[in-house]
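Please read the structure below before turning to the comments.
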Amino acid sequence: MSPQTETKASVGFKAGVKDYKLTYYTPEYETKDTDILAAFRVTPQPGVPPEEAGAAVAAESSTGTWTTVWTDGLTSLDRYKGRCYHIEPVPGEEDQYICYVAYPLDLFEEGSVTNMFTSIVGNVFGFKALRALRLEDLRIPPTYSKTFQGPPHGIQVERDKLNKYGRPLLGCTIKPKLGLSAKNYGRACYECLRGGLDFTKDDENVNSQPFMRWRDRFVFCAEAIYKAQAETGEIKGHYLNATAGTCEEMMKRAAFARELGVPIVMHDYLTGGFTANTSLSMYCRDNGLLLHIHRAMHAVIDRQKNHGIHFRVLAKALRMSGGDHVHSGTVVGKLEGEREITLGFVDLLRDDFIEKDRSRGVFFTQDWVSMPGVIPVASGGIHVWHMPALTEIFGDDSVLQFGGGTLGHPWGNAPGAVANRVALEACVQARNEGRDLAREGNEIIKAACKWSPELAAACEVWKAIKFEFEPVDTVDKV
C-alpha cells in the first residue's frame, strides 16, 4: 500500500504546508476598538520576506501552526486569528521592521495577565525564521482593561493614607542588602525614618534567609516604623518583601504584615510571577495594604533593543495585574534608562489617557478608563546632587529612593536621611517659586548647604560621582 501523501476525505481541506502570509498577512484589515494591538520589532532570517515574518508572528501567537490541520475546519479562523495588518521598516536599522498585529479579544481570558503573555509572547520568540523579536508595545482596549482590578489603591488614595501632598516621597533601600541581623536591620530603618524619609525598603532578594528570617524582620521593622512615627508626627512605612517560594507562603507573610498594622508590603512581580502578583494585589486591596513592586529580572527581558519585551509593556502589565509603586529607573543614576523612553512609560503608569508619541516610544494611544495609576520609583545610584533633576523629571507623584545615597553619608544613617529631605524640600520650594531646576539645580543645593551641615557633608562626599554611559535602548528615529 502506497503511503498517504494527501487527504481528500473532506471538501476544502488539503494537507500540506503553505506560507503564513497567505492567511495571516492582511494589510487591508481595519482594526477594531476591541482588538489588542501589538507592535513587534522583527528581524527576519536572511531570505525571509518581512511579510512572511510578520505573518508568522501573528500566526504562532494566535491560531496558527506550521502546517494545515484538519481541525481548522471546525472553527472560524477569520474570527479568532491574529492578523499582521501593517509593516514598516525601522529607520537606520538594516533588516528590522515594526510589524503591527491585531488580536481578537476572544483569544484572552478575562483578568489574566498570565494568559495574555502566554498567548502573545509565550512561544513565538523561539521561532527559527526570526533572528530576533521584540515586543515594543501593546494597546490594551478598555473592553479588556475593565476585566482587571488594577492597582490596589492608586496614587490619590496613597497620598490620603499617608497625608503627604505636594512633593515626591522619599525612600531608602537598606544596605547592605544581605547579611544584617533583624535587629540591626530594624535599627537602620528607624534611623532613616527618624531622619526624615517617608519609606525604607527591603531589597529585592531579602526574603527569609538564615541570617534574618522574615518574621523577625517584619517585627523589628514594625517597631522602627512606630517609634519613628511617634517622634516625627509623620506616617512612615517600610516595604516588607512578602515574596516567597509559594503563593501560600507569600500570602501568610502579607497577612502577618497586616496584623502588625504596617501600611505597605512588597513583591518581586517578575520573579514571583503575574498570577502570584495579582493574588497579592487583590489581598492588599481588601485589607488596606499598599503594594510596592520591584522589577527584579526586568533587564534580562527588556534591555536588548532587538530582542525581548520592552519595559513599557511590562509596566502596562503591572498596572493591570496590580501594584501601587513600581521601579522605573532614574535617567540620571547607575541603571539603564533613556530620558524620553522613561518618561513615556512613566506616563503609561500614572496617567489616565496617553496619546501615541513615537518620539517617546509610545506606539499606541492608551485609554485606561479611570484605572488607578501607579507611582514610579526612581532608584539606583542616586544622591543629593541628583535631587533637582529627579524632581524635575518625575514630578510630585513619584518616590525618590536613595539607598547608598542615604546610608553612605559620612555621619551615619539619620544625617543621610536629613540631607535627602533638606535637598528635596529645597528643590520643591525653588520649583514652586518658578525657578528652573534643570538650569539652577546646583545653585539651589549649594544654597541649602549653608543652613544644613548634613547636606553639605553629603554634597562633599558625592560631588564627583557620575554614571555617564550611553543607554543601550534608545528611541528610533522617526
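Cβ atoms are placed via backbone N, Cα and C, with glycine included.
Fair warning: this is a prediction, and the values are worked out from it, not measured in the lab.
Residues or ranges marked as N-acetylproline by Swiss-Prot on the basis of sequence analysis: P3. The feature N6,N6,N6-trimethyllysine is assigned by Swiss-Prot to K14, with sequence analysis given as support. Per Swiss-Prot, substrate binding site is recorded for N123, T173, K177, R295, H327, S379, and the stated evidence type is sequence analysis. The annotation active site, proton acceptor is assigned in Swiss-Prot to K175, H294. The N6-carboxylysine feature in Swiss-Prot is assigned to K201; the stated evidence is sequence analysis. According to Swiss-Prot, the feature Mg(2+) binding site maps to K201, D203, E204, an assignment based on sequence analysis. Annotated site 'Transition state stabilizer' per Swiss-Prot: K334, in sequence order, evidence recorded as sequence analysis.
Sorting the binding-site residues N123, T173 by the number of other Cβ atoms within 10 Å puts T173 first. Close to the recorded Mg(2+) site, the chain also has T173, I174, K177, D202, N205, V206, Y239, N241, M266, H294: residues not among K201, D203, E204 whose Cβ is within 8 Å of the site's Cβ mean position. S379 (substrate binding site) carries a strand DSSP state (E or B). When Cα-Cα distances from N123 (substrate binding site) are compared across the recorded positions K175, K201, D203, E204, H294, the shortest belongs to H294. Using H294 (active site, proton acceptor) as the reference Cα, a 10 A cut-off selects none from the recorded positions T173, K175, K177. Looking only at the recorded positions T173, K175, K177, H327, S379, the one with its C-alpha closest to the residue listed as 'N6-carboxylysine' is T173. Same-chain residues at least 6 positions away in sequence with a Cβ under 8 Å from that of D203 (Mg(2+) binding site) are, in sequence order, T173, I174, K175, K177, L178, N241, G403. For the recorded positions given as K201, R295, the lowest number of other CB atoms within 10 Å of the residue's CB is seen at R295. Counting in whole angstrom, R295 (substrate binding site) lies 8 from E204 (Mg(2+) binding site) by their C-alpha atoms.
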